Amino acid sequence: MKLTNVKDYMVYVELADGAPVNASLEILTRVSRLAPKSGEQVTAVIIGQNVSEGAQTAIAAGADKVICVEKEISQLEEYVQILTAIGKKYQPRVFFFPATQMGKDLVPVLSYKFDTASITDVTDIVEKAEGFDYVCSSYNGNILNEISYEAGFPQIVSVKSSSFKKELDSSRTGEIISEDIPVDRSLIKTELKETVKEIAEAVNLEEAQVVVAGGRGMGSKENFELVKELADVCKGVVGATRPAIESEWISRAHQVGQSGKTVAPKLYIACGISGATQHISGMSGSGYIVAINKDEDAPIFDIADVGIVGDAVKVIPLLIEAIKKEKAQ
Amino acid sequence: MEILVCIKQVPDDSVEIFLNENTQKPDLEKVTPVVNAFDTYALEMAVRLKEAAGGEVTVLSVGDDSVKNSLKNCMAVGADHAYLCKLDDYNETDTFTIAQSLKESKEEIEKQTGKTFDIIFCGKESTDFASAQVGPVLAEMMDIPVITGIVDIEEKDGGVETRQETEEGYHVISCQGLCLVTVNKPKYDPRYPTIKSKMAARKKAIDELDTAKAGVTVLHTEKVYTPAKRSAGVKIQAESAEEAVAQAMDLMKKAKVF
């Protein structure tokens, strides 16, 4: 089912606990800058319950139109049915998704339905004379690939969070369109029996101004507490590397890197982190990087603004005291 | 349960791979090919399911002759049969071609052996390109449901019940009838081969299939390049931790990070 009469850019706005995820808002802001030049508009799509507040946020972030589907659904197959119907009706030139778990599941399935192709984890959009190229990485972020579509619409891409800056302008206005799209339950072959919440805390790494992260070099769960203390003092959010999470020092909601979150805070303090590419690719966009590591040859020092060669377990308590003193002044 | 596990051979992901500026390709010389990490988790989960529910595990890959070694390794850790769908340049091949070739191969294996698969396992993504597309596209091509990123599975009421990892916890998703699952890192590690299992695997045949079928791709790589690197700042190597922290604080204050 190729689309031939395409126009406008469509952005799927995923909701988490009723609010739009950052990655979707970041895409809206970025695409709203690109759209006017090409005479296109930006349409957001929201599916869920009580979506009106989310729709307003989407408009503030850059949507000209918001298609609202008021429906409580939870399964991939239901989302696929609704988004396929919307794609068919509105014929977008590009269909953007946040590269969340859901977004990454939707993109390949929809690309097959629309007989086109999809690109996962896009980190940049390059403007061309006609349309866009998309940048994504391979080999843990060591190599970047700029990819174009030779033919076929809609172009379907998922965009990694923190790739762009979101800007909310509450004075913006936009049109709200309500769509009622039926879901054919008889086509759904899986059953969602239970949703279990294991991680109670809300970890908003992507929006944090300060991230204090710990890695294998912290040595133990007890020592990892120091990372949390330092984060408290800096009013930051705790991050962690994959080894720290696999050692169960902290929940996986805190993971920064290729297989976790991509962050770009103003200040990033890396404690006992050697700096494997898998981690660096998730935090190298940070404003100011401080690294503490025993190994003076650790690759993290190649990208740090300030590197302290030393045992993080000894350095952090001193740093906490110094920052407390600084803040008290 | 008849289980099919699709695997991809990738360059060892514990080695940092960079672009060779002369060839404009990833520098893969001296990098050992291995079974994609997420596919090893998929295979381990499939073998555990077989051990609990009975049946056999068949592994399938699309690739050149070198992939036979990876398939042998799979047979040393629990796979009963292995098939290679012959395709050169498999690493540069698009999602649809790989998925289409897997689909044709699955049908060919069923035709040759007379068995029908009850479930298909794939890794959640590959460690080289990490597009996480082949599993969902293969399921869509076969018109069967896909459950992504699972960390556990068991046979239940003639179907399967899976645990899908989510940001905040997990979903319990069940399916009756043929389905495809993609596997995330479970709580356990894949088993190691023994000398005995390695010897046995070496003797087993790998059946070749000529079922590769090109899909139409509309994507074109315009440019491959190395990301701009941040430059290093100041590295403090002081006599004492106190001194190092004092120096670091001075620099941070100057940069107005607080």
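Glycine residues also receive a Cβ, built from the backbone N, Cα and C atoms like all the rest.
Per TrEMBL, the features are:
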- A:Arg216, A:241-242, A:255-259, A:272-279, A:Asn293: FAD binding site (BINDING)
- A:9-192: domain 'Electron transfer flavoprotein alpha/beta-subunit N-terminal' (DOMAIN)
In all the protein chains shown, the tally of other Cβ atoms within 10 Å of the Cβ of A:Ile273 (FAD binding site) is 33
Could you tell me which of these binding-site residues, A:Arg216, A:His279, has the fewest other Cβ atoms within 10 Å of its Cβ? A:Arg216
Validating a neighbour-count step here. Other CB atoms within 10 A of the CB of A:Gln258 (FAD binding site): how many? 21
Using DSSP with the three-state reduction, classify A:Gln255 (FAD binding site) as helix, strand or coil. strand
List every residue in the same chain as A:Ala276 (FAD binding site), at least 6 positions away in sequence, whose Cβ is under 8 Å from its Cβ. A:Asn140, A:Thr241, A:Gly257, A:Pro299
